[in-house]
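Among the features that TrEMBL reports, domain 'DEAD-box RNA helicase Q' is placed at 27-55. Annotated motif 'Q motif' per TrEMBL: 27-55, in sequence order. Per TrEMBL, the feature domain 'Helicase ATP-binding' maps to 58-233. The annotation domain 'Helicase C-terminal' is assigned in TrEMBL to 261-348.
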Amino acid sequence: MSDHEVAVYRGRMDITVEGIDVPKPVRMFHEAGFPGYCLEVISRLGFIEPTPIQAQGWPMALKGRDLIGIAETGSGKTLSYLLPAFVHVAAQPPLVQGDGPIVLVLAPTRELAVQIQQEAGKFGSHSRIRSTCIYGGAPKGPQIRDLQSGVEIIIGTPGRLIDMLEAQHTNLRRVTYLVLDEADRMLDMGFEPQIRKIISQIRPDRQTLYWSATWPKEVESLARQFLCNPYKVIIGSPVLKANQSINQIIEVVTDVEKYNRLINLLKEMMDGSRILIFVETKKGCDQVTRQLRMDGWPALSIHGDKSQDERDWVLAEFKSGRSLIMTATDVAARGLGRITVLGSFNPY
Ligand code: ADP
Ligand code: MG
């Protein structure tokens, strides 16, 4: 592509780039230089062209440089870092007995970690690259077995990963490709000490990649401490704004009015759509769920105090539409895909 074509393409795709020596985007899958099996899986999945974050993020990630990638939910960020991760792994010496992973993907919640691994699994099953998911709330035994048999890619939540490191079930000495998915949340919302601890065990010349749908200013300076000469790519407006494809209605009501207002909304909206009700606290979540059930609304709930099995089951019921109302704390705030209604409700 000529510089002019690049500018036109970036303009059309709403791509903004920052950094030194930014590579040109790739307009088609085969231009990215991925192994044949990746292209085969892509065509089997029926993908037609790279999404904008992939078009610009892939050549950046494949340069081996650090990067910050910002694009809205559902824009294909997972493959933006996973496919370059496969290329990265293939270029490293094979693991030997006692080696930890080469790629580490950190995610804020178990739900997201599991989804990322599913995406990795679609491609990994066609290569010899193994991946596993390390997250709290599930038995450690199978996770330890995976770690001990050797995995090139770990996708994990910070707490359980630190447990595994402290118990020496794995180590980060071979990590050269580090991903923080939903990075703003990872850095901003209380994970910073754990992230710091994990990063301190990884060699400083690693490649670090951040991906997020939102990128508040406050996160930027914190984020940059762990990056070296990064690229930055933003799809859409560089200014944080609400997703234009979602109709957002905000009502301000007093605490005592909230529950009745919720019931009235449910009555208006119950047309077979799935309804997700966010509640600020775990306790509030339990209270609203109990009250709804007593009032004849069969709500299910997920939050951080529920067992992993229960969370998995509730999420599956909700996603499949077998159960139409789910209450949740922000464990469900990301990565659930396209759900019809998002209610935000803080009752107490
Ligand atoms: P994000 O992390 O940006 O929210 P995901 O990586 O979860 O988005 O991707 C959302 C969905 O889009 C997934 O089901 C994924 O398989 C699909 N997807 C990814 N890349 C493409 C593409 N190039 N064309 C079509 N669908 C894609
Ligand atoms: Mg994602």
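Here, residue 1 is simply the first one shown, and the rest follow in order.
Here the Cβ of each residue, glycine as well, is placed from N, Cα and C on the backbone.
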Could you tell me how many residues in the domain 'DEAD-box RNA helicase Q' (27-55) are helical, how many are strand and how many are coil under DSSP?
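Secondary-structure breakdown of the domain 'DEAD-box RNA helicase Q' (27-55): 18 helix, 0 strand, 11 coil.
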Across the domain 'Helicase ATP-binding' (58-233), what is the average pLDDT of the model, as a whole number?
93
Mind checking how the domain 'Helicase C-terminal' (261-348) divides into helix, strand and coil residues in DSSP?
38 helix, 16 strand, 34 coil
